[in-house]
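Asks: Below is one structure. I have some questions about it.
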Amino acid sequence: MMDEIQHLAEIYQQLTTDVQDLTQKLADLQVEGRAMKQQLATEGHLDLGSMTETLDTFASIEANNRLIDTLNSRYDAAVVRLAHAQLLVPQAYFAKMSLDYGDGPEAFYLGKVGYADVDAHDLVYDWRAPMADAYCANRTGATTYAANGREIPVEVVGRTQFVIDHARLIHAIDSRNAVGDPLLLAVLAQDRTGGLQEITATIQQEQNAIIRESQAPVVLVDGVAGSGKTSVMLQRVAYQLFQHRGDWSADQILIITLNPAFGQYIKGVLPSLGEAEAMTVTYPRLLNQFASRFGLEDMYPDDEQLAAIDAALAQPGKAFIGQVGQLAWDQSDASQSFLLRMQRVWRWLKATDQIPEDLEAWLDFDDFAQQFDLRKLSHLDRLYLLLKLTAYQQNELKSVFIDEAQDYPDAMWRVIRSIFARTELTIVGDPSQKLFGASVPIADYFADRRIVNRQLTTSYRATGAITATFAQYAGPHWAGQIKAVQAQGMAPMTIEPNQLAETLADFKASSTQSIAIITPDATEAEQLSQTIDGQLLTAISQKTVKPGINILPLTLAKGLEFDFVIVWHWQSDYYQDPEFGDKRRYVAASRGTKQLVFVEGPAGK
């Protein structure tokens, strides 16, 4: 233990000293940059009197450009190094691996990011490094890990977890088992301050397999409530950026959600892992962005018939429906499908520089619908038809992540399949959390691509009592599979509506603890907010969860978590619905981590 205390003291001293030195270095580089700019402005005249003078002038310009590039590189490197040092100051590392490559054990300390001293000696190894896989996968003894396309044999001699607060070593735990260990339970017991937290120090074996999956372009993750699906998704974003550093950037990663509050909820997780924020967009907004690209109006829920459109496009072409391109259509193979013939027309239009300015006017949508016995095309139908006929694909994005996948309808998956046909996809959901609408077999949409299916059946979020409560509503999909990690805790209790104020007063919520009052719909949330001093969350408010009282409908509470949860009107028709009632109870009851309260209400409300 004394050796570890001394080691931490040395690393902490190195980090704090580097923070000071790098801060000063950046200030000095800024001064140097301003001086260089002034010097170049003074000397920056072109002497083109003769060939020799011209060559000397251009050589001077090139030399100055190299000086500027060198200064910028030094500055950028210092910025990154300072950011990493600052990230590690509160917790320099969270684990140590003792690995034997055949010449005796060697210690490797794992942290959120890698860090080396000025002589390039590694002090902390990034948790995403290849050798760290043996730790996150909970391996001991002889094993291997993949690096640069090779399998590296190694023996894991020891694994130690640390609880560190700046320069103070609180615990050093010999780690033999990942699930149920003291560090994991200590982290799970922390207050929910509002936003999602990274889980680097407590990644479990089954989560690690998802995070590091690199063989399949489509990864489907099926996880019970509280299994860390969203956290795993973000850790996977960070892992992919690390694996493809130099080739990928954060603006080439897209996270799609249906919940407007989700973007705020996950904000800060990736920066806490040393990465820039990825783009987050709601599915309706994504559709509107593509609609504007094709000159269409904003999309809105309508009577879509995308499955029928796909069936029509697969049929042999009938009559041409475009305003331009008749010749290319006539020269195409009449036995081919309508889709292939129209895509040939589009390629011809591009090759001959005849792309219409108004793509919507290019096609006769009514004629198409009439030819194939379809209803009048909706806004989304028109967008989808244009996407298909122009063979449009989004190639700038490298990886797309989709949260709460169970809630997306058939139309969404057809659009996603079409737009992101060459993009890596990570799709995360829980069939038992579908609050309305028909379920769709997501894997079927990607049958032509390699798919890896992963399941997460351990719920880490809540106490044993809360987990047992929501598990009884999980339905046949998770029957008998949900496992709890935390202690039993307090049993959920039921109160009457007139006891709500008293119950809220009894909750000893500190400045870091969150309370949620979850209502069946937005109207009841609005009504409650007028009588209770709390923050109202709506689909358009752009607010996120905060410590204290949050009032919100169940549709917004999905994917979020709170220390204390009060479910309003537990006996209402909304929760008694024969098809979706249990799923709604499952979602509502699984939002709480420490205490769960049901507020009775007369049936029919």
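Glycine residues also receive a Cβ, built from the backbone N, Cα and C atoms like all the rest.
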Asks: State the residue range annotated as coiled coil by TrEMBL; the candidates are 5-39, 425-459, 530-564.
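Replies: Among 5-39, 425-459, 530-564, the range TrEMBL annotates as coiled coil is 5-39.
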Asks: Please list, in sequence order, the residues in the chain of T230 (ATP binding site) that are at least six apart in sequence and whose C-beta is under 8 Å away from its C-beta.
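Replies: Residues satisfying the criterion: L196, I266, D403, V428, G559.
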Asks: To see if you understand the setup: which same-chain residues, six or more apart in sequence, place their Cβ under 8 Å from that of S227 (ATP binding site)?
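Replies: Residues satisfying the criterion: L456, T457, T458, S459, Y460, R461.
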Asks: Beyond G223, V224, A225, G226, S227, G228, K229, T230, what residues of that chain have CB atoms within 8 A of the centre of the ATP site's CB atoms?
Replies: D430, L456, S459, Y460, R461
Asks: How would DSSP class G223 (ATP binding site) in three states?
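Replies: Looking at the DSSP assignment, G223 (ATP binding site) belongs to a strand.
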Asks: Counting only residues 6 or more past its boundaries, what in the same chain has a CB within less than 8 Å of a CB in the coiled coil (5-39)?
Replies: 67-68, 71, 74-75, 78-79, 81-82, 85-86, 88-89, 92-93, 109, 115, 117, 123-124, 162, 164, 166-167, 169
Asks: Within its own chain, what residues at least 6 apart in sequence put their Cβ under 8 Å from the Cβ of K229 (ATP binding site), listed in sequence order?
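Replies: V221, G223, D403, V428, G429, D430, L456 - these are the non-local Cβ neighbours of K229 (ATP binding site), listed in sequence order.
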Asks: Check the DSSP secondary structure of G228 (ATP binding site), expressed as helix, strand or coil.
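Replies: Where G228 (ATP binding site) sits, the three-state DSSP reduction gives coil.
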